[in-house]
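If you look up Swiss-Prot, you'll see 1-21, 49-69, 101-121, 126-146, 160-180, 203-223, 232-252, 267-287 marked as transmembrane segment, on the strength of sequence analysis.
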Amino acid sequence: MALWIAVLLGVVQGIFMFLPVSSTAHMVLLEHWLIGRDHPMPAPESAEMILFNLVVHVGTLVSIVVVFAPSLLRFTRYSLRDAYGWARAGRFQGPPLYARLFLLGMLSVLFTGVVGLTLKATFEQVFANPWMIAFTLILTGALLFWTDKLPPRRRGLRQTGVGTATLIGVAQGFALMPGLSRSAMTIVFGLFAGLKRRWAAEYSFFLAIPTICAATLLQAIEVYQLGGLESVSVAALITGFVVAAGVGIVSLKLVIYFLYRAQLKVFSFYVWALAAAILLGWIDLPI
């Protein structure tokens, strides 16, 4: 893979991983576009390309850790405090908010995995169908537009329960389909469940950490089984990782800015325009 392609793919992953417009759809569309014009890059289903996509996803994981470092440190500290109190005295010392949130997050990831593994074959068919990608982009835009019409939400993380965690986990599972944005689905359904915008965002992006880690593990196993990594460009992997992480920090801060101001409909117009371009054949894809 040429370094300029690694930079381009890293930029796209970094921008669209957090903007609620589906990073997977953009990566798929860009990869098809590059291949259709005979640019030097591996096939999307090759072990090398799967590994590259895995690495840039880990890069965006670094973005989350950097942006939410204070909150993550607080969460880790108090979760360990809750766990220590339970191990030492057989009970929690005070309300176990952080331990409870940890368990709810794991529940969300569990339901994401159930949906993802159950519908994996269906989602893979969408990857090869630009018309289906266009449809899911239209749906993403509709959800974003509707979200800005919601009245102010009142629930905080203390009021988050099993039902909310399950709903968000299922929504994230369906977001594995190209065109359905992970951040959009989790934030929208968090708001639908009554969470305040700030907490819907924080839960969404905190949830991305174990989700990306689990997906990385599964993809690493797949890459190992495929083999054929002798031609992998380490320079391209490092470049994609660094670019995705750096661009992801800016992208994440941008989406938080718009979310807190109830302006997600800005992104709905973009995904509708992209869907229209696909349907009208303005984006020529070799499918």
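Here the Cβ of each residue, glycine as well, is placed from N, Cα and C on the backbone.
The largest share of C-beta pairs under 8 angstroms with the transmembrane segment (203-223) comes from 160-180, of the ranges 160-180, 232-252, 267-287.
A Cβ distance under 8 Å defines the sequence-distant neighbours of the transmembrane segment (267-287), meaning residues of its chain 6+ beyond its ends; these are 19-22, 25, 29, 32-33, 35-36, 128-131, 133-135, 137-138, 140-142, 144-145, 184, 258.
Through the fold, the transmembrane segment (232-252) approaches residues 1-3, 5-7, 9-11, 13-19, 48, 51-52, 55-60, 62-64, 66-67, 205 of its own chain, all at least 6 residues removed from its boundaries and within a Cβ separation under 8 Å. Packing against the transmembrane segment (49-69) from elsewhere in the chain are residues 1, 6, 9-10, 13-14, 17-18, 27, 31, 41-43, 202, 205-206, 208-209, 212-213, 215-216, 219-220, 222-223, 226, 229, 232, 236-237, 240-246, 248-249, 251-253, 256: each is 6 or more residues past its ends and has a CB under 8 Å from a CB in it.
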